[in-house]
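Listed in TrEMBL for this protein:
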type     : residues : note
DOMAIN   : 325-814  : domain 'Cas1p 10 TM acyl transferase'
TRANSMEM : 37-55    : transmembrane segment
TRANSMEM : 344-363  : transmembrane segment
TRANSMEM : 402-422  : transmembrane segment
TRANSMEM : 434-454  : transmembrane segment
TRANSMEM : 499-519  : transmembrane segment
TRANSMEM : 525-545  : transmembrane segment
TRANSMEM : 552-572  : transmembrane segment
TRANSMEM : 678-699  : transmembrane segment
TRANSMEM : 711-731  : transmembrane segment
TRANSMEM : 738-759  : transmembrane segment
TRANSMEM : 765-789  : transmembrane segment
TRANSMEM : 810-826  : transmembrane segment
Amino acid sequence: MPIERCREKHVNMSFKADEEGTAANVIRQINAKNAKIVAFLVVIGFCFYHGILHVRYGIDSCKWLLTDGRYKGDMEWQPYGCMMHQYSVKDTRRCFRYLSFWGRRNHFVFIGDTQVQLHYRALLHQLAGHKKSEAAFWSQAKSNQTLDVLPQSDHAFHDSLLGLHLEYMWQPYLTDNVTKHIRNWVKEGDPNVIIIGMGSWTIKSSINFEHSLNQFAVNLTRLAQALSLRREGKSRILWVPIPPIKESTEPDTTGSLQRLSNKHIDQLNKAAVEILEHSGAQVWWSLRLLAQGRLDESFGEAYPGYHTLSQTTQILLNAYCNDHMNFKDGTCCWSAEPYTSLQVVTYASLFVCMSIAIAMVLYRSYKGVYCKSNIKYAPLSTNLDLPGSGNPILNSNSGLDLLPMFFALSKLLLIMVFFYLCDRTSFFMKENKYYSPMSFWLPLAYMVVLGLFFTEESRYTKVLHREQTDEWKGWMQLTVMIFHMTNAKVVLPIYMHIRVLASSYLFLSGFGHFCYFWQRGEAGIVRFFQVLFRLNFLSIVLCLAMNRPYQFYFFIPLVSWWVLTIFVWLALPPRVSAMSSDGNPLQFLSLVLKFVGLISIITILYMSEVFFEKVFVTRPWKALFVTTDDDIHEWWSRWKLDRYSVSYGMMYALGLFLAQRHQLLDDRNHSNLMSPRLSLLAVLAAFCGLGGYIGFSILCHNPDECNEIHPYITFIPIISFITLRNISGILRTRYSTFFAWFGKISLELYVCQYHIWLAADANGVLVLVSGYPALNAIVTSFIYVCVAHEAHEITKVLMPYFVPSDWQKVLRNALLFTLVLVPIGIHDGMF
């Protein structure tokens, strides 16, 4: 018995060990490398999926706009697969004036019953808001949700300034006269848009519905034959289906005439869809879906309500204007942006790098099989303690091994192709962003819970140590991502708090670089170019590959500018460091004077916008600070918002070092920074600082006024948060590994979001899984994070090749890069 028990115990222990080993193996497989492999396979799968959709349903986003869509949670209409621009009166008139300027006659014809007349009047209201009769009509209709008796007659509107001619023909029945008119129009290719809709009167006036339906089908077939004569690229013909109704429960007292019912409406609409399917007309089915979602707002028995008519007018304008106006937030009926010669050269160069990498791998495989290689490899040491330093392979005989560089550039090519496919084509779908409290606060709560769950003890005890700053950058970047995806900028208090996060990043930049110089007394050329390369590599490649100006990634130029300012400021004499200032109080006076000079220069630039423009619009660096429209206003507005944040960070670092030197606080161990009494006062002051800024963001109602005050008070919530985060030894020495992981790739997350997570220059969101917003957000976020992590790794690998540790080689590479930019600058008119 004892032997059997021991054997049984041994078997159980072996079984448990096998289970634990299997679980450990599974956990070990959950890593960034395998996640990126899964993401790559998911991308390939969605490429096949969307390819099949395009083969089956076509790639015409106009068809998607006019056919399908859904209401979002806030009853905002979302077309299927594309983004709809909301046209103001100004946008509408600008569209027609632009087309008229180029010789196009804007001619719209509406033919049909009262429903079509309402669409005609809704377009009139959108175009001619100055017209008192239309404004009064729609104001009364919107408030009372009822319609006065509309005139059953023809109507026309003409505006020579817009080159616009609108016609409405009262035709409640589909007759040969209607077919004759349309046949003449489609042969001549005029008007531009013909909107036809009738059928409700056919139902209401019929005694025998089946007979009326058959007669309607015969007449519609004749119309379809006339529409088949339409010349390609000429008139767009839209058939308006009958919208659903709220059926009355009261008994029918008419006796002889039919009553409108959804059953008869559906039969009539079905006949229209089947007959017009292969004609030159398109059934405007999204109009029916719009009306179906707002039945409670309908006018009377079968007329869509005010909001439905407003949305259908927006759809009509998107279908007509988008391809000519090129609004960034309107991708419906939008032609893909043409590629440039610079893009061709960029992708061709990366393709050459990939070919070289494949050739090198094949050659080495051949050499490895058929001969022995005595090549030895050792890691290349780097002296830069930055989240961008890497360890490529060093060949003892020939220096740097070039295979890792070409292999990294090959992966970069695949990433750029994916970026282009997502954001410069209509291959993947795009949807408008919209804000709702639930869509913003719920993912933010999930993020906080996950961050708190993955907390660990840090090996550092210093204030704002490396792991803590990574954590800070991580949760800030995740919050900004949620802010961008949910369009929360429409809520001013949220926008103002996000402004503090942007200021915090610049604050940390000033703090970090000052600390590095203070402790080491070094502000060399190599470190400067390493920092610039880390910041700008991915952005510059995207500028070349995606045909976007440098200012498109506005925060990268902003941080780069302040990095340049910091290094120049630190390099200028007198250089004050911890070693030089020890026992020499005059060094601090020099430092104070340097701070005064820096802030004075910043203030002078701010006080004169004209002087500011003269400085930054000077060629050849003008191209770094202007948008595609040659406008510097964006750079000016963003620069002045955070003009003092870097200085705040450097002054805080100096104050922290002085406090440590004079033993006012101690962060060398796990205890609290200060005595209990001082700690309590500091905590109270920090809570007052945070509460004061929250109150300011709530009470301030004018965005311009808020932005004017923001630069002077932004240090208050930042230093308040730092105090609360570090005053306690327990909090200071613990950090969230979840947030810190994202913090290490925060730069790539910021840059990549513009193309493979958001869409249409960040005005919308990328859609891989249509109709399931939550699932789509999860899938696209997973792919996006994996791509950002891989871009981070590529930057680490390439840095030693482009920015060597020898300052002479660094200057050589900088000169070569400048020479590459010269022909690009000449082509773009920089010189």
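Just so it is clear, glycine is given a Cβ too, placed from its N, Cα and C backbone atoms.
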Check the transmembrane segment (765-789) against the transmembrane segment (678-699) for contact, please; criterion is three or more CB pairs under 8 Å, pairs 6 or more apart in sequence.
no
Other than its close neighbours in sequence, what residues sit by the transmembrane segment (711-731), given a CB gap under 8 Å and a spacing of at least six beyond its ends?
461, 463-464, 468, 472, 499-500, 503-504, 507, 640-645, 648, 652, 667, 669-674, 679, 682-683, 685-690, 692-693, 696
Could you tell me what the rest of the chain brings near the transmembrane segment (738-759), counting residues at least six beyond its ends with Cβ under 8 Å?
83, 331, 387, 418-419, 422-423, 428, 430-431, 433, 450-451, 453-454, 467, 469-478, 480-481, 484-485, 534-535, 538-539, 542, 546, 552-553, 555-556, 765-767, 780-781, 783-785, 787-789, 791-792, 795
Beyond a gap of at least 6 residues from its ends, the CB atoms lying under 8 Å from the transmembrane segment (525-545) belong to 342-343, 346-347, 383-384, 386-389, 412, 416, 419-420, 513, 516, 552-553, 556, 559-560, 563-564, 567, 747-748, 751-752, 754-755, 791, 795, 798-799, 802-807, 810-811, 814
Considering every residue in the domain 'Cas1p 10 TM acyl transferase' (325-814), what is the mean pLDDT value?
89
